[in-house]
């Protein structure tokens, strides 16, 4: 008989289905017309009913199947009173059929940390910029992001009534990433994607130093990594604190699975063990290719302003 799939592949297969359920919740809240918006730390730090319901759904669904895995979500929420209609028990069969990379076959539940951003790009969601929105489930082992799921609930939303709405991208280090067409940015062009709603003098100084041909300002870390892997941008640059571990874990795993690189602005890798502080206080620098070109052009003044 076949050995049962390794834990990592079971977690990723479940996270895939859990993310699809999350997308349905996100779309249902939007179509209900009542977003239930709450300001957390200010007008650029919002939480909606979708953030709350999606986090409860993801965390409760994964905790039920994998009770000893550490799950860390963005929102401070009670976990006990989750209604049954928020639970997703399914998994993606296709993922279970793939062999687990050898270095991850022996992993136990206690060794995994799952970082959840239930709705990355909340401000854009409230403003109707629906293609910016992603659901992020990142899986870490030994402090490293090793697998991730990114769902775009509104992928294709402008493609007409018959288009299939939404998509799920997933990846595992040592295996690759799936659910999109890997594309490199135009050769010789320097297209920088950066923040839309969290700009600052430092953010702009850093971008100016890169002398880009074009700057794209969009919401959501998940969305920015998608710009890189689909060849719409050549570098994601954010010279500011503000990004958190749940913003970068899933995107990092997918970017690294296809040979890209993400660090803070100073070139340090992110750590994802459960004790780590949540803020990526030294910003983000990410590319699919040519990381060194961009890293070498970050001014020292910018690096010195950002303390890890």
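For all residues, glycine too, the Cβ spot is worked out from N, Cα and C.
Taken from TrEMBL, the feature Mg(2+) binding site covers 74, 117, 119, 120, 247.
Take the mean position of the Cβ atoms of 74, 117, 119, 120, 247, the recorded Mg(2+) site; other residues of that chain with a Cβ within 8 Å of it are 51, 116, 118, 121, 122, 134, 135, 136, 220, 221, 222, 244, 246. Note on the binding-site residues 74, 117, 120, 247: the fewest other CB atoms within 10 A surround the CB of 74.
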